[in-house]
């Protein structure tokens with residue numbers, strides 16, 4: 001090894017940099033370790049899942065659990081071999097529909113409301129905003145029983161509309177907060193220039209402000225989508241059948257009282273991760289940009 | 001003329017309306033539907049096919065809703081507190097009878113089922129609260145020891161252990177002869193299966209948990225409950241029980257046992273042989289047998305953990321739900337064959353065992369006769385708090401965080417505070 005190379009290495013490997021590298025490795029292990037373990041388990045033969053010590057890699061990899069879940073072969077129903085694909089398909093569609101509907105509904109209201117709280121002057125503006133944001137501190141389970149009664153009365157249990165309304169009410173405060181912060185971070189001068197040119201408030205909002213606020217809107221949409229996607233306690237109560245039952249409620253049902261099919265559960269979990277994974281990977285830059293906007297305000 | 005024409009038209013319109021209404025009502029009556037809420041058997045598609053048989057017989061459609069076992073109680077409680085029936089016929093676990101009975105959420109069923117049918121179900125008494133029957137058992141469950149005889153034979157042991165001391169003695173031989181590192185498996189996570197294992201061990205030692213006034217009976221050193229907890233601590237101390245059991249629930253212990261990682265599974269289920277004898281899931285095919293142990297081998301006992309179906313008081317289809325539960329009770333053997341729900345009727349169990357259709361049939365039929373309710377006084381309303389305290393405390397003992405003396409005191413204190421609340 002040349003002297004110059006060893007000098008460069010010693011410059012590169014400072015204790016601070018090594019410490020940083022170790023920390024990053026630990027964080028990655030902490031975050032990705034469980035996902036790897038789920039993937040590893042999903043690819044194992046059932047009989048290899050209980051080995052002691054456990055296998056770090058599948059000794060005889062199989063895609064049987066995935067093919068069963070996706071209906072490519074009929075044998076995945078734990079006890080009998082009947083296909084579980086119809087339920088998995090229904091739950092996936094339900095998760096997607098409720099996540100998309102909840103997200104769209106939330107960002108539409110959050111965009112309009114956030115702009116109003118940021119730019120319009122009306123009596124009690126800050127108090128109303130403070131009250132809306134304060135609802136973030138209310139634990140969901142404290143309102144679930146009155147909400148259930150209300151939904152029964154309205155005939156909205158086990159409907160997409162009912163779930164969407166619940167998700168909108170649950171995630172709107174955070175979305176409003178994010179959108180207001182984003183609008184406050186935008187320069188007022190553009191809006192004032194448009195108004196001097198005769199543009200109405202709505203025209204200014206839709207044609208000038210919202211295009212500029214797109215990173216904030218996308219960030220808010222991602223946060224809302226991820227929050228709705230992982231919902232469990234709400235659909236547990238409000239989605240009794242496969243008309244609306246999502247993956248989060250369906251997957252635990254794969255663990256029956258008599259049988260614990262780790263492989264099938266992990267395969268379903270891995271597939272359930274994919275939609276949010278795709279959303280975050282492709283829209284990550286908007287997420288960072290949108291969430292950091294207004295941070296200095 | 002005009003008036004007569006109008007009258008005729010009016011009469012014709014009224015007759016048409018009446019006929020349409022009648023036909024509509026008849027159609028509606030034919031299409032009566034009930035909702036049934038049960039835990040998933042892991043075979044929902046097959047269960048739905050089975051239920052078509054009920055629809056053919058009765059004309060009643062069944063909307064089957066399934067949930068994971070752990071999630072079903074919160075769903076029921078939320079719905080009932082909100083004043084709505086979560087379904088017309090619903091899951092009713094043995095451990096809920098105290099709480100649900102006190103809340104008067106369920107319809108008494110005494111006069112709706114034949115006495116002979118209920119008599120054929122020895123665990124029906126578990127679902128009685130203040131003299132009234134609130135649930136009809138549909139899924140049998142009790143505790144047995146699963147013993148891997150192939151491993152025992154490797155250590156020169158020829159018969160399953162008959163007493164709790166024998167279990168530890170045999171385990172020591174297995175360990176010393178290096179047949180298996182940790183010969184005994186038992187769930188020790190802070191979960192219900194751990195509490196159940198302790199109740200089962202207490203019964204093995206021939207004792208009760210409470211006296212008739214709900215005073216704890218497990219605090220004295222010579223009590224069955226104390227000995228049961230001491231047995232667990234001893235097994236861990238001697239390296240006979242894997243310390244990793246502190247993170248495993250009963251179903252996870254079953255999966256681990258199927259991997260051949262232990263020789264004796266304490267507090268196994270009477271349906272585990274289906275897993276152990278499935279070559280897709282098990283490395284111990286044909287090696288496992290069920291057994292019971294007792295401090296006095298002449299008096300073997302086990303605990304009943306059945307599940308029933310009940311009908312909420314605010315169900316709108318009570319009669320149809322009764323018909324459904326009757327149908328299920330009468331078809332228990334076919335249901336077992338299709339989706340492995342162990343019958344609660346003695347006659348059904350005996351019939352299956354006789355026909356060779358029940359895995360471990362002879363033992364199951366024999367041991368089910370030894371089942372007793374965990375609480376001879378009836379499951380108390382404060383059971384869930386007590387059970388949570390038991391499993392958390394045993395988990396602490398297993399991790400070496402507290403002594404057995406401190407543990408029994410802690411469980412007794414929590415039981416008494418739960419009663420006062």
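Residue numbering: from 1, along the chain as shown.
Each Cβ is built from the backbone N, Cα and C atoms, and glycine gets one as well.
Database features, via TrEMBL:
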DOMAIN    A:92-283  domain 'ABC transmembrane type-1'
TRANSMEM  A:21-39  transmembrane segment
TRANSMEM  A:93-115  transmembrane segment
TRANSMEM  A:127-148  transmembrane segment
TRANSMEM  A:160-179  transmembrane segment
TRANSMEM  A:208-229  transmembrane segment
TRANSMEM  A:262-283  transmembrane segment
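Highest Cβ pair count under 8 Å relative to the transmembrane segment (A:21-39), across stretches A:93-115, A:127-148, A:208-229, A:262-283: A:262-283. By the count of Cβ pairs under 8 Å, the stretch nearest in packing to the transmembrane segment (A:93-115) among A:127-148, A:160-179, A:208-229 is A:160-179. The listed stretches are A:127-148, A:160-179, A:262-283; of these, A:160-179 has the most Cβ pairs under 8 Å to the transmembrane segment (A:208-229).
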